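Notes to accompany the following structure.
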């Protein structure tokens with residue numbers, strides 16, 4: 001008895017609901033690549049981050065004057081001044097100018113936007129709406145500036161307004177402040193200049209799009225990651241509550257920032273962070289597959305199945321995920337993009353090879369091998385598979401669609417001149433002999449489809465010709481059938497007439513015989529009566 005492993009992410013309950021048989025699919029060139037958890041997200045709330053761009057430096061015993069800080073402050077002012085002016089033009093349009101627009105009671109400086117799309121105007125509305133919180137946070141600028149903590153919560157009463165962050169302060173606190181009294185002023189100034197220069201380079205990279213228009217160019221969280229530096233995990237943890245790791249959320253780009261205020265005197269920047277609401281569907285898995293060519297019916301073919309499958313319990317759907325954000329372990333979507341699979345496709349996913357459909361390929365570059373967990377799955381009938389250690393050619397039999405090469409078969413493998421080191425064993429316990437009918441192979445290439453359509457048209461024309469001939473024959477058969485029906489009806493009527501005549505004759509014969517018998521009895525009685533009368537007279 002053959003025993004094989006069915007790697008299945010769900011459990012079959014109904015006959016039309018089956019689980020994915022990854023081992024069988026691998027043997028026909030359909031290889032599982034990645035499994036991700038499906039989550040849905042929507043932008044629902046906001047948080048604020050105060051970025052403190054000028055660090056606090058403790059006074060030294062030598063009363064050093066750091067020229068690098070003065071130069072850094074001057075350069076930073078030149079960088080932030082256009083941003084501050086642009087925000088002020090959008091948030092506070094001139095009362096004497098008529099070129100401003102109101103959206104739901106909010107005044108927006110249209111001239112500052114330039115040529116803006118609907119999405120950009122929406123961003124400007126968001127910027128204006130955030131000014132109330134920005135002013136409340138700016139009112140506490142002195143306390144923010146006085147602290148030398150890298151992460152500092154800005155609170156008004158018991159309500160947290162924002163998180164004050166200074167990435168460069170973390171470097172100053174951990175490295176520079178411990179050496180202030182042990183080095184000369186020149187050495188400290190050079191070290192500080194190096195740190196501030198690197199940080200300024202990152203700021204220039206992050207805010208370069210903002211120099212054009214902050215309302216039209218939101219800051220991605222990847223750029224904020226450079227801005228926040230080592231404080232990024234702490235900020236994400238403080239602003240977003242979810243079981244998903246901060247790295248997954250940041251790499252997906254679900255959080256975006258927008259500059260809503262710049263305080264030039266204190267070198268502080270208030271950034272509004274759009275925080276998503278994330279809901280994970282616990283039993284929904286999105287499986288990515290990688291298709292390679294296979295040797296089917298003496299030709300190179302490829303299986304016709306979608307590259308991405310959604311499996312919820314024991315049901316499968318095609319899942320393009322065109323508008324989703326993918327990370328290593330999660331896929332974030334705003335809505336469900338599932339598409340229905342045919343019953344044949346579901347049966348094929350379950351390992352029923354007779355339900356699979358393949359498409360022949362010729363004259364085109366195809367994926368003919370893939371690395372899988374330290375092994376190689378290759379179509380060794382369409383490319384040269386040569387094992388170098390030990391040295392021997394790898395042959396793929398006709399009844400195998402692909403060949404799985406693991407450490408037991410080869411240590412160093414060459415595929416058309418490319419060398420690979422095999423480091424793992426395959427977890428497939430056996431290779432099934434495949435039997436695939438010719439009807440399971442269809443053409444999907446445009447040229448092949450045109451050729452097949454020409455054949456179909458020729459067949460249809462021949463079919464029309466045969467149909468006309470058969471119609472003519474049927475018409476002849478119909479005429480003869482009418483004559484035959486009349487003859488049969490006449491014969492039936494004649495037979496019925498004969499039968500009725502015979503029955504009438506039999507009835508007449510029996511009736512005549514009965515009448516004669518009655519007459520005979522009557523005459524006999526009359527004779528006896530006459531004899532009795534004669535006897536009485538006598």
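Note: Cβ is positioned from N, Cα and C throughout, glycine not excepted.
Swiss-Prot tags one of the stretches 400-425, 426-451, 452-477 as coiled coil, and that stretch is 452-477. Of the candidate ranges 78-102, 103-127, 128-152, Swiss-Prot annotates residues 103-127 with the feature region 'Fusion peptide'. You'll find the Cα of residue 380 (disulfide bond) roughly 21 Å from the Cα of residue 356 (disulfide bond). Of the candidate recorded positions, 73, 348, 352, 387, 410, the one lying closest to residue 324 (disulfide bond) when CA atoms are compared is 348. Summarising the environment of residue 356 (disulfide bond), the number of other Cβ atoms within 10 Å of its Cβ, over all protein chains shown, is 23. For the topological domain 'Cytoplasmic' (508-538), the DSSP counts in helix, strand and coil order read 30 helix, 0 strand, 1 coil. Reported as a whole number, the C-alpha separation between residue 352 (N-linked glycosylation site) and residue 385 (disulfide bond) equals 28 Å.
Residue 333 (disulfide bond) falls within a strand segment according to DSSP.
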